[in-house]
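Annotated features, as they stand in Swiss-Prot:
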{"type": "BINDING", "residues": "R68, T69, R118, H148, Q151, G277, P278", "note": "carbamoyl phosphate binding site"}
{"type": "BINDING", "residues": "K96, R181, R236", "note": "L-aspartate binding site"}
Amino acid sequence: MLSKRNPQLNRNGELIHLLSIEGLPRSIVTHILDTAANFVSVNDREVKKVPLLRGKSVFNLFFENSTRTRTTFEIAAKRLSADVLNLDIARSSASKGESLLDTIANLSAMAADLFVVRHSESGAPYLIAQHVAPHVHVINAGDGRHAHPTQGLLDMYTIRHYKKDFSNLTVAIVGDVLHSRVARSDIHGLTTLGCPEVRVVGPRTLVPGDLSHMGVRVCHTLEEGIRDADVVIMLRLQNERMSGALLPSSQEYFKSFGLTPEKLRLAKPDAIVMHPGPINRGVEIDSAVVDGPQAVILPQVTFGIAVRMAVMSIVAGNEA
């Protein structure tokens, strides 16, 4: 049965769905990161497979487009030896008016064991988790503006890999925070793991007004936001989610909030620069930073496979 306190956990407090980092105990987040560390080396093997999900069926249901996230989930599932189905939503019954729950019911009848769901509506993975059979697991691959927990977890893994400990870090999250589910997941991950200073940096039109309860410091200039930071996480402008004139122009945005090598010098000399992708060079970040020695953007992608392997193996190993 699902826990009344947290629908992601069973009555024993074990992870059966990953819907959000918010509300997860630190012990579970740490367990995911520790498990991911054991999977990183699979990348370097001649045969990049482990048999943990052999015989299991993983259905990737991406109601929103995403090449990077869908691909890494597919690779992660296959490296766990699962059978993987990528549903073509544009040609599925969902595009013909079938309800979300009817789609899930029909796919469940095909003996699905795990659904990876990306949806434009916040809360869609929660709804699915409430209606699947006890042996079926749900992983949120991004829902509306709400959450992107595996991206948040891979960001936490990347920070831990390079900085070892969260207890003395200053982390700046820069850009379109208003529309960013990644920012919310990163904030929850950082506060859960004990990061003492999390800064949210952006123009007033792109920073939500309700962040104070999340324990972050809001900065409206890039210079203030990244000064002496250990980690700088850059976010793209999500123009597809914007309505109205939230920004004067991409050029004006880059002038004020684009990360250049000169501005990066305000951060600590050993600061790392992260980005969840896709990157818009010359809008939120200069190419010289993307390709520079402080960027760890490609390692994020590599670590993302291991983190998603960890999440799938953990939830699939627990019963509702």
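Cβ coordinates are placed from backbone N, Cα and C, and glycine is handled just like the others.
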H148 (carbamoyl phosphate binding site) has how many other Cβ neighbours within 10 Å of its own Cβ?
-> 27
Whole-number Å only: compute the distance from the Cα of R181 (L-aspartate binding site) to the Cα of T69 (carbamoyl phosphate binding site).
-> 14
Which residue among the binding-site residues T69, Q151 has the fewest other Cβ atoms within 10 Å of its Cβ, if you could check?
-> T69
In the structure shown, which of the binding-site residues R181, R236 has the fewest Cβ neighbours within 10 Å?
-> R236
Listed carbamoyl phosphate-binding residues R68, T69, R118, H148, Q151, G277, P278 - what's their greatest C-alpha to C-alpha distance in Å?
-> 16
Of all the binding-site residues here, G277, P278, which one's CB has the most other CB atoms within 10 A?
-> G277
If you take the centroid of the Cβ atoms of R68, T69, R118, H148, Q151, G277, P278, the listed carbamoyl phosphate site, which other residues of that chain have their Cβ within 8 Å of it?
-> S66, A141, G142, V182, P276
Reported as an integer number of Å, what is the Cα distance between R68 (carbamoyl phosphate binding site) and R236 (L-aspartate binding site)?
-> 15
Check H148 (carbamoyl phosphate binding site) against DSSP and tell me helix, strand or coil, would you?
-> coil
Compile a sequence-ordered list of residues in the same chain as R118 (carbamoyl phosphate binding site), six or more apart from it, whose Cβ lies below 8 A from its Cβ; state 'none' when nothing qualifies.
-> L61, F62, F63, E64, S66, T69, R70, N140, A141, G142, D143
State the count of C-beta atoms found within 10 angstroms of the C-beta of R68 (carbamoyl phosphate binding site), not counting that atom itself.
-> 13
Hey, how far is H148 (carbamoyl phosphate binding site) from R236 (L-aspartate binding site), Cα to Cα, in Å?
-> 15
Distance, G277 (carbamoyl phosphate binding site) to R236 (L-aspartate binding site) (CA atoms, angstrom) = 7
